[in-house]
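Have a look at the structure below before the remarks.
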Amino acid sequence: QIDGGRAIQLVLDQNSGCGFSSKHKYLFGRVSMKIKLIPGDSAGTVTAFYMNSDTDTVRDELDFEFLGNRTGQPYTVQTNIYARGQGNREQRVNLWFDPAADFHTYTILWNHHHIVFYVDDVPIRLYKNNEAKGIPYPKLQPMGVFSTLWEADDWATRGGLEKINWSKAPFYAYYKDFDIEGCSVPGPANCASSTNNWWEGTAYQALNALEYRRYKWVRMNHMIYDYCSDRSRYPKPPPECIAGL
(Lines of atoms letter the chains of each structure in order from A and count residues from 1; the text may use other names and numbers.)
(Lines give C-alpha, C1' and ligand atoms only; values in the text may rest on other atoms or scores of the structure.)
Protein backbone atom coordinates (compact mmCIF):
# COMPACT_ATOMS: atom_id res chain seq x y z
CA GLN A 1 0.00 0.00 0.00
CA ILE A 2 1.11 3.55 -0.73
CA ASP A 3 -0.17 7.10 -0.20
CA GLY A 4 -0.98 6.48 3.46
CA GLY A 5 -2.91 3.31 2.65
CA ARG A 6 -5.19 5.10 0.17
CA ALA A 7 -3.66 3.41 -2.87
CA ILE A 8 -2.32 -0.02 -3.81
CA GLN A 9 0.68 -0.70 -6.03
CA LEU A 10 0.95 -4.00 -7.87
CA VAL A 11 4.36 -5.12 -9.11
CA LEU A 12 5.33 -7.61 -11.81
CA ASP A 13 8.87 -8.87 -12.28
CA GLN A 14 10.37 -12.09 -13.66
CA ASN A 15 9.88 -13.89 -10.37
CA SER A 16 6.27 -13.12 -9.58
CA GLY A 17 3.10 -11.21 -10.26
CA CYS A 18 0.68 -10.14 -7.56
CA GLY A 19 -2.89 -9.24 -6.77
CA PHE A 20 -5.48 -8.46 -4.12
CA SER A 21 -9.13 -9.30 -3.45
CA SER A 22 -12.15 -8.11 -1.50
CA LYS A 23 -12.89 -9.64 1.89
CA HIS A 24 -16.54 -10.25 0.98
CA LYS A 25 -18.53 -11.54 -1.95
CA TYR A 26 -21.44 -9.64 -3.44
CA LEU A 27 -24.62 -10.47 -5.33
CA PHE A 28 -25.63 -7.57 -7.60
CA GLY A 29 -24.53 -3.97 -7.19
CA ARG A 30 -21.87 -1.67 -8.58
CA VAL A 31 -18.12 -1.95 -8.16
CA SER A 32 -15.61 0.64 -9.30
CA MET A 33 -11.89 1.24 -9.06
CA LYS A 34 -9.54 3.98 -10.17
CA ILE A 35 -6.55 2.44 -11.96
CA LYS A 36 -3.37 3.87 -13.45
CA LEU A 37 -1.83 1.33 -15.81
CA ILE A 38 1.78 0.42 -16.62
CA PRO A 39 3.47 3.25 -18.56
CA GLY A 40 5.79 2.85 -21.53
CA ASP A 41 6.53 -0.59 -22.95
CA SER A 42 3.98 -2.85 -21.26
CA ALA A 43 3.68 -5.48 -24.01
CA GLY A 44 2.88 -8.96 -22.74
CA THR A 45 1.44 -7.80 -19.41
CA VAL A 46 -2.16 -8.07 -18.27
CA THR A 47 -3.62 -5.91 -15.53
CA ALA A 48 -6.97 -7.37 -14.50
CA PHE A 49 -9.90 -6.07 -12.45
CA TYR A 50 -12.74 -8.56 -12.18
CA MET A 51 -15.50 -10.25 -10.21
CA ASN A 52 -15.39 -14.02 -9.78
CA SER A 53 -17.62 -16.56 -8.03
CA ASP A 54 -14.65 -18.85 -7.20
CA THR A 55 -16.60 -21.90 -8.39
CA ASP A 56 -14.77 -23.97 -10.98
CA THR A 57 -17.34 -25.79 -13.05
CA VAL A 58 -20.17 -23.23 -13.00
CA ARG A 59 -18.05 -20.13 -12.67
CA ASP A 60 -19.60 -16.68 -12.99
CA GLU A 61 -17.11 -13.94 -13.80
CA LEU A 62 -17.09 -10.35 -15.07
CA ASP A 63 -13.69 -9.24 -16.39
CA PHE A 64 -11.79 -6.12 -17.25
CA GLU A 65 -8.38 -7.16 -18.65
CA PHE A 66 -5.98 -4.43 -19.76
CA LEU A 67 -3.61 -5.75 -22.40
CA GLY A 68 -0.25 -4.02 -22.40
CA ASN A 69 1.36 -2.77 -25.59
CA ARG A 70 4.53 -1.48 -27.13
CA THR A 71 5.30 2.16 -26.42
CA GLY A 72 3.07 4.50 -28.40
CA GLN A 73 0.48 1.88 -29.34
CA PRO A 74 -2.99 2.12 -27.79
CA TYR A 75 -3.87 0.16 -24.69
CA THR A 76 -6.56 -2.46 -25.30
CA VAL A 77 -9.17 -3.37 -22.71
CA GLN A 78 -10.70 -6.83 -23.06
CA THR A 79 -13.99 -7.60 -21.34
CA ASN A 80 -15.39 -11.08 -20.83
CA ILE A 81 -18.46 -12.54 -19.17
CA TYR A 82 -18.85 -16.04 -17.73
CA ALA A 83 -22.37 -17.20 -16.90
CA ARG A 84 -22.88 -20.62 -15.33
CA GLY A 85 -19.47 -21.79 -16.49
CA GLN A 86 -19.73 -20.56 -20.06
CA GLY A 87 -17.26 -17.86 -21.10
CA ASN A 88 -15.57 -17.11 -24.42
CA ARG A 89 -17.49 -13.84 -24.75
CA GLU A 90 -14.54 -11.53 -25.37
CA GLN A 91 -14.80 -8.00 -26.68
CA ARG A 92 -11.82 -5.70 -27.15
CA VAL A 93 -11.77 -1.92 -27.24
CA ASN A 94 -8.79 0.37 -27.78
CA LEU A 95 -8.82 3.06 -25.12
CA TRP A 96 -9.08 6.60 -26.52
CA PHE A 97 -6.67 8.07 -23.93
CA ASP A 98 -3.41 7.09 -22.27
CA PRO A 99 -4.50 5.04 -19.23
CA ALA A 100 -0.96 5.11 -17.83
CA ALA A 101 -0.81 8.92 -17.63
CA ASP A 102 -3.44 9.25 -14.91
CA PHE A 103 -6.09 7.40 -12.94
CA HIS A 104 -9.34 6.54 -14.69
CA THR A 105 -12.44 4.93 -13.21
CA TYR A 106 -13.46 1.43 -14.32
CA THR A 107 -16.91 0.27 -13.21
CA ILE A 108 -19.10 -2.83 -13.40
CA LEU A 109 -22.84 -2.38 -12.85
CA TRP A 110 -24.64 -5.68 -12.28
CA ASN A 111 -28.36 -5.94 -11.67
CA HIS A 112 -31.31 -8.12 -12.67
CA HIS A 113 -31.68 -6.32 -16.00
CA HIS A 114 -28.15 -6.12 -17.40
CA ILE A 115 -24.42 -5.91 -16.82
CA VAL A 116 -22.66 -2.73 -17.96
CA PHE A 117 -18.91 -2.11 -18.11
CA TYR A 118 -17.95 1.58 -17.89
CA VAL A 119 -14.70 3.43 -18.55
CA ASP A 120 -15.13 6.69 -16.65
CA ASP A 121 -18.74 7.51 -17.56
CA VAL A 122 -18.65 5.78 -20.96
CA PRO A 123 -20.36 2.37 -21.28
CA ILE A 124 -18.17 0.08 -23.39
CA ARG A 125 -20.01 -3.22 -22.90
CA LEU A 126 -23.64 -4.17 -22.34
CA TYR A 127 -24.91 -7.68 -21.58
CA LYS A 128 -28.65 -7.94 -21.11
CA ASN A 129 -30.49 -10.51 -19.04
CA ASN A 130 -32.06 -12.73 -21.71
CA GLU A 131 -32.86 -15.67 -19.47
CA ALA A 132 -36.37 -15.63 -20.94
CA LYS A 133 -34.71 -16.76 -24.20
CA GLY A 134 -32.75 -19.51 -22.46
CA ILE A 135 -29.47 -17.57 -22.30
CA PRO A 136 -27.47 -17.95 -19.05
CA TYR A 137 -27.21 -14.87 -16.84
CA PRO A 138 -25.17 -14.60 -13.62
CA LYS A 139 -27.66 -14.11 -10.81
CA LEU A 140 -27.32 -16.97 -8.33
CA GLN A 141 -23.70 -16.87 -7.22
CA PRO A 142 -22.09 -14.08 -5.23
CA MET A 143 -18.76 -12.87 -6.58
CA GLY A 144 -15.66 -11.50 -4.95
CA VAL A 145 -13.70 -8.60 -6.42
CA PHE A 146 -10.12 -9.27 -7.52
CA SER A 147 -7.23 -7.56 -9.22
CA THR A 148 -4.04 -9.09 -10.56
CA LEU A 149 -0.98 -8.10 -12.56
CA TRP A 150 0.60 -10.94 -14.49
CA GLU A 151 2.67 -12.01 -17.47
CA ALA A 152 0.70 -13.35 -20.44
CA ASP A 153 2.95 -12.75 -23.39
CA ASP A 154 1.75 -15.94 -25.06
CA TRP A 155 -1.49 -14.10 -26.02
CA ALA A 156 -1.89 -10.62 -24.52
CA THR A 157 -0.28 -8.39 -27.15
CA ARG A 158 -1.00 -8.91 -30.84
CA GLY A 159 -1.95 -12.52 -30.18
CA GLY A 160 1.37 -13.29 -28.51
CA LEU A 161 3.62 -11.79 -31.20
CA GLU A 162 4.94 -9.13 -28.81
CA LYS A 163 6.84 -10.51 -25.83
CA ILE A 164 7.61 -8.92 -22.48
CA ASN A 165 10.77 -6.83 -22.43
CA TRP A 166 12.01 -7.83 -18.99
CA SER A 167 14.69 -5.14 -19.14
CA LYS A 168 11.82 -2.72 -18.46
CA ALA A 169 10.81 -4.58 -15.29
CA PRO A 170 9.61 -4.16 -12.65
CA PHE A 171 6.20 -3.14 -14.01
CA TYR A 172 3.84 -1.16 -11.77
CA ALA A 173 0.07 -0.62 -11.83
CA TYR A 174 -1.72 1.57 -9.29
CA TYR A 175 -5.19 1.33 -7.77
CA LYS A 176 -7.19 3.62 -5.52
CA ASP A 177 -10.73 4.62 -4.48
CA PHE A 178 -12.14 1.10 -4.50
CA ASP A 179 -15.90 1.39 -4.11
CA ILE A 180 -18.59 -1.26 -3.99
CA GLU A 181 -22.25 -0.99 -3.18
CA GLY A 182 -24.06 -4.28 -3.34
CA CYS A 183 -25.56 -7.17 -1.42
CA SER A 184 -22.82 -8.60 0.77
CA VAL A 185 -22.80 -12.37 1.20
CA PRO A 186 -23.17 -13.48 3.93
CA GLY A 187 -25.69 -10.74 4.67
CA PRO A 188 -29.44 -10.13 4.70
CA ALA A 189 -31.01 -13.00 2.76
CA ASN A 190 -33.56 -10.82 0.99
CA CYS A 191 -31.11 -8.16 -0.19
CA ALA A 192 -30.34 -9.54 -3.65
CA SER A 193 -34.00 -9.95 -4.60
CA SER A 194 -35.09 -6.54 -3.34
CA THR A 195 -36.25 -4.06 -5.97
CA ASN A 196 -35.57 -1.24 -3.49
CA ASN A 197 -31.78 -1.37 -4.04
CA TRP A 198 -30.77 1.78 -5.93
CA TRP A 199 -28.91 -0.22 -8.60
CA GLU A 200 -32.19 -1.94 -9.52
CA GLY A 201 -33.98 1.39 -9.97
CA THR A 202 -35.51 2.63 -13.21
CA ALA A 203 -32.50 4.80 -14.03
CA TYR A 204 -30.24 1.72 -14.01
CA GLN A 205 -32.42 -0.72 -15.95
CA ALA A 206 -31.30 0.56 -19.36
CA LEU A 207 -28.79 3.03 -20.77
CA ASN A 208 -30.07 6.60 -20.92
CA ALA A 209 -29.87 8.57 -24.18
CA LEU A 210 -26.43 10.07 -23.47
CA GLU A 211 -25.00 6.72 -22.36
CA TYR A 212 -26.38 5.03 -25.44
CA ARG A 213 -24.76 7.63 -27.74
CA ARG A 214 -21.43 7.10 -25.98
CA TYR A 215 -21.83 3.33 -26.21
CA LYS A 216 -22.48 3.48 -29.96
CA TRP A 217 -19.49 5.85 -30.37
CA VAL A 218 -17.17 3.35 -28.65
CA ARG A 219 -18.45 0.44 -30.70
CA MET A 220 -18.14 2.33 -33.99
CA ASN A 221 -14.77 3.96 -33.39
CA HIS A 222 -12.82 1.94 -30.84
CA MET A 223 -13.99 -1.69 -30.83
CA ILE A 224 -11.40 -3.97 -32.45
CA TYR A 225 -12.85 -7.41 -31.63
CA ASP A 226 -16.31 -8.77 -30.87
CA TYR A 227 -16.88 -12.50 -30.45
CA CYS A 228 -20.38 -12.00 -31.85
CA SER A 229 -18.98 -11.22 -35.29
CA ASP A 230 -16.12 -13.78 -35.28
CA ARG A 231 -17.39 -16.24 -37.88
CA SER A 232 -14.22 -18.33 -37.89
CA ARG A 233 -14.83 -19.07 -34.23
CA TYR A 234 -18.63 -19.05 -34.26
CA PRO A 235 -19.97 -19.91 -37.76
CA LYS A 236 -23.39 -19.53 -36.17
CA PRO A 237 -23.54 -16.51 -33.82
CA PRO A 238 -24.08 -17.35 -30.14
CA PRO A 239 -27.73 -16.93 -29.08
CA GLU A 240 -27.12 -13.81 -26.99
CA CYS A 241 -25.66 -12.08 -30.07
CA ILE A 242 -28.79 -12.81 -32.08
CA ALA A 243 -30.90 -11.64 -29.13
CA GLY A 244 -29.67 -8.13 -29.82
CA LEU A 245 -27.06 -7.52 -27.14
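Keep in mind that glycine also has a Cβ here, set from the backbone N, Cα and C atoms.
Just so you know, TrEMBL annotations are computer predictions that nobody has curated.
As recorded in TrEMBL:
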- 1-175: domain 'GH16' (DOMAIN)
- E61: active site, nucleophile (ACT_SITE)
- E65: active site, proton donor (ACT_SITE)
- N69: N-linked glycosylation site (CARBOHYD)
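A simple way to gauge crowding: the CB of E61 (active site, nucleophile) has 20 other CB atoms within 10 angstroms, across all the protein chains here. The 10 Å shell around the Cβ of the residue listed as 'N-linked glycosylation site' contains 22 further Cβ atoms across the protein chains shown. Sequence-distant neighbours of the residue listed as 'active site, proton donor' (same chain, 6+ residues apart, CB-CB distance under 8 A): V46, T47, A48, Y50, V77, Q78, T79, N80. Residue pair the residue listed as 'N-linked glycosylation site' / the residue listed as 'active site, nucleophile' shows a Cα separation of 25 Å.
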